[in-house]
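What Swiss-Prot annotates here:
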- 237: active site, proton donor (ACT_SITE)
- 241: active site, lowers pKa of active site Tyr (ACT_SITE)
- 87, 110, 137, 237, 241: NADP(+) binding site (BINDING)
């Protein structure tokens, strides 16, 4: 019945949370898009001078716009982690032409491949890159029944697994002393990691979450390896974004406990008029009537990347304001899922040769 509907309308009307009329629900979300989302102003005299900034998924849409806006803040080096390197080279030329003294580096990063993630971080390490800001924006949506070479649904691997794995591999490059900032300017304190989730995380739950004392018959990650348990593309996307938000929350908690000065921010730009969803006349009409501009979405990313204050650490920003994750995520089952997920990701990381996280 709903197969003819374009995205994101299909995602909205097929959501189990359709009749949730709290701010978490899909209908209040749709109504908010045109009336909220104006980002708070950036800090006066904000400068990223002498800083190294990484943006993934920066060849189009909100990611590209965020890269452009961050470039205007004058970082020493802007790294674009992208799947399409040839397109990124054109963007590099444009950014360097429009922004004096900016150096842009293009590095290939395909989140459908864990090996590509390894190579990407190895390249950064080999070049002695120290990151001040990592904006992990890359995402993916398609009605796609493929399984990647790593054995996972592409929707899950790109939107959660590879992004979380990249996060863990980048931590040693972020946990370093930040450079001094120019006199008369303000620089965000300490290194920062921004994880881009989606309000769709609130439109799903996770099946069969056991209590901590119970044995789990199927690991969380394996749910996304079996076509019989994947669910629809809409649900895969929502669950991947739910897991990413929970991962970010647990990471921020553990970094604080370990006295690591890296700030973690979880954010969403909302629905923006980009090419994220498959193109079509109805999709374009929905974008025209309901979507935010990519400039708004990019500005929300920049705010998440630069907003000052200790309260920003571990925050989930919606419409540029700290708010709670979904009721499920904050409830007892969500907390169990968060704890289980961290354990699985820590084991996954070490199985791929990562050092014990010590957090």
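In case you wondered, yes, glycine gets a Cβ from its N, Cα and C as well.
Features as recorded by Swiss-Prot, highlighted on the structure.
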| residue | record | Cβ neighbours (10 Å) |
| --- | --- | --- |
| 87 | NADP(+) binding site | 16 |
| 110 | NADP(+) binding site | 20 |
| 137 | NADP(+) binding site | 27 |
| 237 | active site, proton donor | 29 |
| 241 | active site, lowers pKa of active site Tyr | 26 |
Legend entry - Structural state of residue 137 (NADP(+) binding site), classified by DSSP into three states: coil
Legend entry - Nearest-integer angstrom distance between the alpha carbons (Cα) of residue 137 (NADP(+) binding site) and residue 241 (active site, lowers pKa of active site Tyr): 12
Legend entry - Pairwise C-alpha maximum, in angstrom, for the residues (87, 110, 137, 237, 241) that bind NADP(+) according to the record: 27
Inset, instruction - Taking only the Cα atoms, work out how far residue 87 (NADP(+) binding site) lies from the residue listed as 'active site, lowers pKa of active site Tyr', in Å, as a whole number. - result: 27
